[in-house]
Amino acid sequence: MRKYVFVAIALSLPSLAIADALTDAVKTRQEHMKTYGKNIGMLAKMAKGELDYDADAAQAAADTIVEYSTKDQSGYWLPGTSSEDMPGVSYALPALWTDGAKAGEIAKEFVANAAALQAVAGAGQGEMAKALGAAGKNCNDCHKSFQAKKD
Ligand code: HEC
C-alpha cells in the first residue's frame, strides 16, 4: 500500500511542475498580448482623435509593439496549451497548432506592418493612422481564426 502512495507522489511531482510551466507559458503570452493591446489601444485613440496626437508617445508605443513582435515567442506557444487543453486559462484555439502555417503567415505580415508603423508613428497623426490600420487588421485576422471567445 505504502509503496503505491510513494509511486503516486513521485509521478505527480513532475507532472505538477509541467502543469506550472504550461500555465506560466500561457500567462506570459497573455501579458505579451496585453502589451500589444495597451499600445495599439492608445494609438487607435490618437488615430480617432479621442486622444491628442503626441509624436513621442506614438513613437514609443510603436517601438514597444515592434520590440514585442520580434521577440522569440517559441517558449510560450507550447503544444498542450490550447483552449481545449486548459479551459478557462488559455484562449488559444487548437487550430493554432494544427494550422500553424496560417498563423505564421499572419504573424509574418504583422511583423512587417509593425515595422512600417514604427517608421511613421512619429511623423504625424494621418500617417500613423494609416499604418495602424494595416497592423491592426493583422491582430483581428489572427484572433478571428485562432482566439477562443471568452464567455
Ligand atoms: C499570430 C496571431 C496573433 C496576432 C498577430 C495577435 N494576436 Fe492577440 N492573441 C492571439 C491568441 C491566440 C490569443 C489567445 C492567447 C491565450 O489566451 O493563450 C490572443 C490574445 C490577445 C489578447 C487577450 C490577452 C489576455 O488578457 O488574455 C489581447 C488583448 C490581444 N491578443 C491583443 C492583440 C493585439 C492588439 C494584436 C496586434 C497588435 C494581437 N493581439 C496580435 C493571437 C494573435
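Cβ from N, Cα, C; glycine included.
Automatic, uncurated: that is what TrEMBL annotation is.
Since we're looking at a predicted model, the values are computed, not measured.
TrEMBL has this to say about the protein:
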SIGNAL    1-19  signal peptide
BINDING   Cys139, Cys142, His143  heme c binding site
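Locations of recorded TrEMBL features on the structure.
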{"residue": "Cys139", "record": "heme c binding site", "contacts (Cβ under 8 Å, 6+ apart)": "Tyr36, Ile40, Phe110"}
{"residue": "Cys142", "record": "heme c binding site", "contacts (Cβ under 8 Å, 6+ apart)": "Ala103, Ile106, Ala107, Phe110"}
{"residue": "His143", "record": "heme c binding site", "contacts (Cβ under 8 Å, 6+ apart)": "none"}
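According to DSSP, His143 (heme c binding site) is assigned to a helical segment. The heme c site is set by Cys139, Cys142, His143; from the centre of their CB atoms, other residues of the chain with a CB within 8 Å are Ile106, Asn138, Asn140, Asp141, Lys144, Phe146, Gln147.
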